[in-house]
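What follows is a short report on a single structure.
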Amino acid sequence: MRTRIFHPPFQHHELEIAARILRENGLVVFPTETVYGLGANALCAEAVQKIFLAKGRPSDNPLIVHIADLSMLPQVTARVPEAVYRLFSLFAPGPLTVICEKHPELPEVVTAGLPTVGIRIPSHPLARQFITLAGVPVAAPSANLSGRPSPTNCDMAIKDMDGRVDAIIDGGECEHGLESTVVMIQGNEVVILRPGAITEEMFLEHGFSVRQGYESTTQPLSPGMKYTHYKPHAEVWLAQNWDTSFLLSHFRGKRLALVGLSVPQGPWKKVIFPDISRYAKELFATFANLEKEGIEVIILEAVPEKGVGRALMNRMRKAAGNQWLEEGNDLPS
């Protein structure tokens with residue numbers, strides 16, 4: 001398959017071409033404020049099935065449907081409770097996905113057979129313009145091969161999707177760099193199924209009761225709940241503290257990178273971020289860059305689990321398979 005790549009500055013007809021490709025049931029990679037999405041016409045089961053083939057994604061992993069504005073909601077869901085409208089009014093457009101009752105005519109391949117669907121209104125102007133031009137809701141997971149880090153720039157998307165999709169829209173670097181927060185309403189509670197840039201603290205500030213619900217389940221309600229995600233080719237570990245003698249002993253002869261807010265001097269690659277927000281934004285791009293350099297082992301410094309740090313730790317735990325550099329773990333010898 002030949003993939004057309006549209007780079008800025010865009011001519012209006014180029015976005016029209018991309019929108020027509022999607023409307024005619026092709027696959028288009030497009031930028032959002034979170035990560036790049038791999039989009040298909042959400043109203044066409046045949047088109048959506050192509051997403052799973054392009055990514056190698058398990059069919060029981062539901063997709064998020066992206067809409068340009070609230071006027072598209074009736075195409076995706078038959079019922080929108082008042083609490084859901086309130087969430088959208090507070091946090092959309094933006095990096096929030098809300099689980100709603102699916103429309104009866106929405107293909108089951110989108111929702112993995114569930115009676116619910118995740119809906120989001122991205123804030124990236126190109127994403128909304130593209131969806132508006134397409135005129136249909138867009139089902140879209142992240143634009144990477146299944147299990148790999150999500151693309152936060154066009155080069156990462158091209159690496160995984162060139163030759164697998166019909167078109168790629170280059171929108172530069174993503175603002176947040178982590179996938180959207182996914183929530184559902186249960187009674188008077190907001191249940192967080194996947195943490196992201198819209199944090200627990202933000203919901204609490206607006207008077208919502210909140211609980212976490214992103215443990216793995218047999219049938220996930222949201223992407224990111226069940227399968228291995230975000231893993232680079234390198235071996236990944238988490239560290240609470242740096243012990244340089246331990247690192248020198250256990251990773252001798254390995255091409256090693258230490259990543260975090262404060263990294264000690266030593267015979268390893270150092271990637272240091274000024275704050276947790278930057279750490280979160282650039283985590284996946286850092287994985288891609290370290291892969292290019294042939295790094296064999298990546299050790300990630302843990303951060304406090306509050307604010308966006310909760311989402312960052314969620315992604316890092318999955319990337320590392322929850323492996324910690326601690327006494328008693330099965331460490332390399």
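Quick reminder: no glycine exception, Cβ is built from N, Cα and C everywhere.
Look at TrEMBL and you will find THR34, HIS66, ARG120, ALA140, SER142, SER180 tagged as L-threonine binding site. The Cβ of ALA140 (L-threonine binding site) lies under 8 Å from the Cβ of PHE30, GLY37, LEU38, GLY39, ALA40, ILE51, LEU63, ILE64, VAL65, HIS66, each on the same chain and at least six residues away in sequence. ALA140 (L-threonine binding site) carries neither a helix nor a strand DSSP state and counts as coil.
The ATP binding site annotation in TrEMBL covers ARG57, ASN61, THR116, SER150, ARG194, TYR230. In three-state terms derived from DSSP, ARG57 (ATP binding site) belongs to neither a helical nor a strand segment and is classed as coil.
Residues or ranges marked as domain 'YrdC-like' by TrEMBL: 12-198. The average pLDDT computed for the domain 'YrdC-like' (12-198) is 97.
It is SER150, among the binding-site residues SER142, SER150, SER180, whose Cβ has the fewest other Cβ atoms within 10 Å in the structure shown.
Here the binding-site residues are THR34, ASN61, THR116, and the one with the most other Cβ atoms within 10 Å of its Cβ is THR34. Within 10 Å of its Cβ, the residue among the binding-site residues ARG57, HIS66 with the fewest other Cβ atoms is ARG57. Note on ARG194 (ATP binding site): other Cβ atoms within 10 Å of its Cβ, all shown chains, come to 24. A 10 Å radius around the C-alpha of SER150 (ATP binding site) takes in these binding-site residues out of ARG120, SER142, SER180, in sequence order: SER142. The C-beta environment of TYR230 (ATP binding site), restricted to residues of the same chain at least 6 apart in sequence and closer than 8 Å, consists of GLY147, ARG148, PRO149, SER150, PHE284, PHE287, ARG315, LYS318, ALA319. Other than the site residues THR34, HIS66, ARG120, ALA140, SER142, SER180, same-chain residues with C-beta atoms no more than 8 angstroms from the centre of those residues' C-beta atoms, the L-threonine site, are THR32, VAL35, GLY37, ILE64, PRO95, THR97, PRO122, PRO141, GLU179.
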